[in-house]
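Visitor: Before we start, here is the structure in question, set down as structure tokens.
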Amino acid sequence: MSLAWRTLQKAFYLETSLRILQMRPSLSCASRIYVPKLTLHTKHNMPPCDFSPEKYQSLAYNHVLEIHKQHLSPVNTAYFQKPLLLHQGHMEWLFDSEGNRYLDFFSGIVTVGVGHCHPKVTAVAKKQMDRLWHTSSVFFHSPMHEYAERLSALLPEPLKVIFLVNSGSEANDLAMVMARAYSNHTDIISFRGAYHGCSPYTLGLTNVGIYKMKVPSTIACQSTMCPDVFRGPWGGSHCRDSPVQTVRKCSCAPDGCQAKERYIEQFKDTLNTSVATSIAGFFAEPIQGVNGVVQYPKEFLKEAFALVRERGGVCIADEVQTGFGRLGSHFWGFQTHDTMPDIVTMAKGIGNGFPMAAVVTTPEIASSLAKHLHHFSTFGGSPLACAIGSAVLEVIEEENLQRNSQEVGTYMLLKFAKLRDEFDIVGDVRGKGLMVGIEMVQDKISRQPLPKTEVNQIHEDCKDMGLLVGRGGNFSQTFRIAPPMRVTKLEVDFAFEVFRSALTQHMERRAK
């Protein structure tokens, strides 16, 4: 597309949005979303979509609310004052029960990597459902072995032995057992701000306040300082493996990083004071997801892994959110840190929303587990899950989604970084590939989190304009952006304009 045509197209979108004061949502994908309570300049034309959803003919909205209140656990909370009742999905689009269309920039919590209801994945699932759903792993079936061969080919030596399970929590739970069985030690370390699951075992690894219980959830899990170069005590303008750095000043030499060295000293302090002289392991997300897309200084994980191994521990990379090409430059997040874990856990994007997860390790660690217990999962590695998993890997390769994550992700990061320059309440824009965090602050000097009520309103405004993003951070102060990996630059442009309008609207409210 030529520059002149792009300019003409942008002018057309602007002219269209100014002419349309209010449009009722219809069931056609060509319709524009109705935007209540927002000023005219905040309305933006959605990118085109050639899919029309089915007419919603299920439960009335109020009936859904009543069922949710009476019969679903109160821990099942939803975004927004009026939660969305979603009806259908197509690639990067979601449709609610009223026919409104939304651009999904959170992918079901960083899960729907190849797009909602991708036709190839759907066709494979239907074909396998007609053939064989479930046997349990006490019988052989080709989908499991085909998938194991495909997945192992994407991992470096010696990470070649695969345990198939059903969720990220279950995968990390098993990884904890593996680490303790192999090392014959107990203590496991994880970062503050880490999220590794909500099972009774993994709750000890998870260090985000709202997920912690008032009673002991597990033993021998210790936290260490998260090397957060924006919110932490140290950080500069060259720390991150990202096209966008923090606004903090940096006096480091070109070949050094003072922030990294200081965070390593904190890690050593944890090893020297909070755990036994020999430990079982260390868990790390290559980029923290739930904590708001937090990146560490370059080389930190590499040095931390070496220190852990000196204590007899194994190193576990939690790739539940970062794996399968989402970060763009590499297929796995640990590869971006130039390091090699002993165990890798994965879920979410592995099945594009179908319940599936895996733990991958070395033959030596796998053998040690077999000597300690007979591990078994009734549903892990089912024919249906494995067929879907193979289809997801094929789509990622055939559609060059890792390359798209790199190209469009870099474009998105650089574009959203402009908001940090324009708005004082945007403290940081960070990330890699199609995993981006936008941290909201009261001001850039104090870096104090923007109050949750204000972040909520910005979130609501984005939704009202047809954009769905996630939330993260210990104070829910960070917007998490992780669209399906097939997202286009045109869709990024729309998301940027919506987000910018939501921020402008917020500043107007503040000024009143």
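Glycine too: its Cβ is placed from the backbone N, Cα and C atoms.
Swiss-Prot feature annotations, pasted as is:
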{"type": "TRANSIT", "residues": "1-39", "note": "transit peptide"}
{"type": "MOD_RES", "residues": "Lys55", "note": "N6-acetyllysine"}
{"type": "MOD_RES", "residues": "Lys69", "note": "N6-acetyllysine"}
{"type": "MOD_RES", "residues": "Lys69", "note": "N6-succinyllysine"}
{"type": "MOD_RES", "residues": "Lys82", "note": "N6-acetyllysine"}
{"type": "MOD_RES", "residues": "Lys260", "note": "N6-acetyllysine"}
{"type": "MOD_RES", "residues": "Lys302", "note": "N6-succinyllysine"}
{"type": "MOD_RES", "residues": "Lys348", "note": "N6-(pyridoxal phosphate)lysine"}
{"type": "MOD_RES", "residues": "Lys415", "note": "N6-succinyllysine"}
{"type": "MOD_RES", "residues": "Lys415", "note": "N6-acetyllysine"}
{"type": "MOD_RES", "residues": "Lys418", "note": "N6-acetyllysine"}
{"type": "MOD_RES", "residues": "Lys418", "note": "N6-succinyllysine"}
{"type": "MOD_RES", "residues": "Lys452", "note": "N6-acetyllysine"}
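Tell me what's around each of these sites.
Guide: The 10 Å shell around the Cβ of Lys55 (N6-acetyllysine) contains 10 further Cβ atoms across the protein chains shown.
Lys69 (N6-acetyllysine) falls within a helix when secondary structure is assigned with DSSP.
The Cβ of Lys69 (N6-acetyllysine) has 9 other Cβ atoms within 10 Å, all protein chains considered.
Cβ neighbour count for Lys82 (N6-acetyllysine) (all protein chains, 10 Å cutoff from its Cβ): 11.
Counting every protein chain shown, 23 other Cβ atoms lie within 10 Å of the Cβ of Lys260 (N6-acetyllysine).
A C-beta separation below 8 Å, combined with a sequence spacing of at least six in one chain, links Lys302 (N6-succinyllysine) to His337, Asp338, Thr339.
Less than 8 angstroms from the CB of Lys348 (N6-(pyridoxal phosphate)lysine) sit Ile109, Val110, Thr111, Gly113, Gly168, Val320, Gln321, each of them six or more residues away in the same chain.
Within 10 Å of the Cβ of Lys415 (N6-succinyllysine) there are 17 other Cβ atoms, across all protein chains.
Under DSSP, Lys415 (N6-succinyllysine) is assigned to a helix (H, G or I) in the three-state scheme.
Cβ neighbour count for Lys418 (N6-acetyllysine): 13 (other Cβ atoms within 10 Å of its Cβ, all protein chains included).
For Lys452 (N6-acetyllysine), the same-chain residues that are 6 or more apart in sequence and have a Cβ closer than 8 Å to its Cβ are Phe475, Ser476, Gln477.
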Visitor: Cα-Cα separation of Lys415 (N6-succinyllysine) and Lys69 (N6-acetyllysine), in Å?
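Guide: About 41 Å separate the Cα atoms of these two residues.
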Visitor: How long is the line from the C-alpha of Lys260 (N6-acetyllysine) to the C-alpha of Lys418 (N6-acetyllysine), rounded to the nearest angstrom?
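Guide: Counting only the Cα atoms, the answer is 27 Å.
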Visitor: Given the modified residues Lys69, Lys82, Lys418, which one's Cα is the least distant from that of Lys55 (N6-acetyllysine)?
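Guide: For Lys55 (N6-acetyllysine), the closest Cα among Lys69, Lys82, Lys418 is found at Lys82.
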